[in-house]
Amino acid sequence: MIFFTLEHVLTHISLSIILIVITIFLMNLLVYEIEGLSYSSEKGMVASFLCITGLLVIRWIYSGHLPLSDLYESLMFLSWSFSIFYMIPYFRNKKSNLNVLTAPGTIFTQGFATSGVLREIHQSTILVPALQSQWLMMHVSMMVLSYAALLCGSLLSVALLVILFRKSSFTFSKYKGYYLPIGPLYFSEIQYVNEKKNIFLSFRNYHRYQLIQQLDCWSSRVISLGFLFLTIGILSGAVWANETWGSYWNWDPKETWAFITWTIFAIYLHTRTNKSLQSSNSAIVASIGFFIIWICYFGVNLLGIGLHSYGSFAIT
């Protein structure tokens with residue numbers, strides 16, 4: 001009982017902290033930066049990460065297995081994964097601008113996990129025989145980490161497309177590490193200077209060009225990491241399936257959509273490394289992949305069919 005109470009308390013504390021972090025970030029965008037608030041939001045993300053880590057450890061202790069056996073537990077692990085992708089650059093550079101993606105992702109997944117829709121599967125249960133394997137940790141953790149990385153990378157690509165294809169854009173200025181719009185700018189006003197076969201953007205929109213390049217670079221790195229996790233997850237799942245069901249691949253809904261997801265992001269990496277294609281081409285592919293991931297992740301749980309329907313819930 002005490003473990004369940006601690007888990008409940010930590011869940012609501014982390015949700016409250018994330019809400020405050022998002023509010024602070026929006027305030028910083030509206031009024032540039034309020035002294036001390038940016039520092040508080042960074043510490044808030046760290047505190048939220050520790051809370052989510054604590055509740056996962058508590059659930060692991062009283063359930064006796066890694067909390068990855070149903071939709072509720074995988075959503076909480078996905079929230080933790082979003083926080084991880086914030087923490088890595090933060091501890092490396094003592095600053096991370098990824099909270100614009102990771103904070104909403106954390107609160108969305110954690111909020112859905114703790115909603116009434118999943119109330120019936122909040123309680124930890126004994127694993128079914130098929131899940132009582134050492135492959136559970138490797139396969140499911142790699143898949144959920146890949147979902148978090150690919151979702152973050154895809155959202156960066158969506159942001160890149162918005163900046164590229166808007167007819168009316170804004171001039172961007174760098175202020176304390178953030179790229180902020182300071183005024184309207186139409187593409188017809190952008191001047192290019194061609195000298196010695198090198199193309200330079202006008203100084204007026206130099207930061208916009210920098211932002212596009214950084215978004216392209218960040219999305220490529222994050223998606224590449226997610227693709228690696230996805231590949232490891234699929235391969236470990238195939239080995240696990242062979243041990244459990246006697247076949248490496250069965251083409252059930254989850255496996256089919258995992259293969260589609262892998263194919264989409266393989267195409268992304270191909271277009272990204274092809275120098276004859278523009279960055280917008282790969283960004284479009286990644287944007288499509290964003291929706292494919294959610295179909296792959298929630299599809300089987302909503303339908304409740306196939307070999308991967310453990311922990312699914314019924315819509316009433």
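Please read every residue number as a count from 1 along the shown chain.
Cβ atoms here come from the backbone N, Cα and C positions, even for glycine.
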Swiss-Prot record, transmembrane segment, of the ranges 98-118, 182-202 the matching one is 98-118
Within the same chain, the residues 6 or more beyond the ends of the transmembrane segment (145-165) and with Cβ under 8 Å of it are 78, 81-82, 84-85, 98, 101-102, 105, 208, 211-212, 215-216, 218-223, 225-230, 233, 261, 265, 279-280, 282-284, 286-287, 289-290, 293, 296-297
If you count CB pairs under 8 A between the transmembrane segment (256-270) and each of 44-64, 222-242, 283-303, the winner is 283-303
Long-range CB partners for the transmembrane segment (283-303) (under 8 A, at least six residues beyond its ends), listed in sequence order, are 71, 147, 150-151, 153-155, 157-158, 160-161, 164, 216, 219, 223, 253-254, 257-258, 260-261, 264-265, 267-268, 271, 309, 311-313, 315
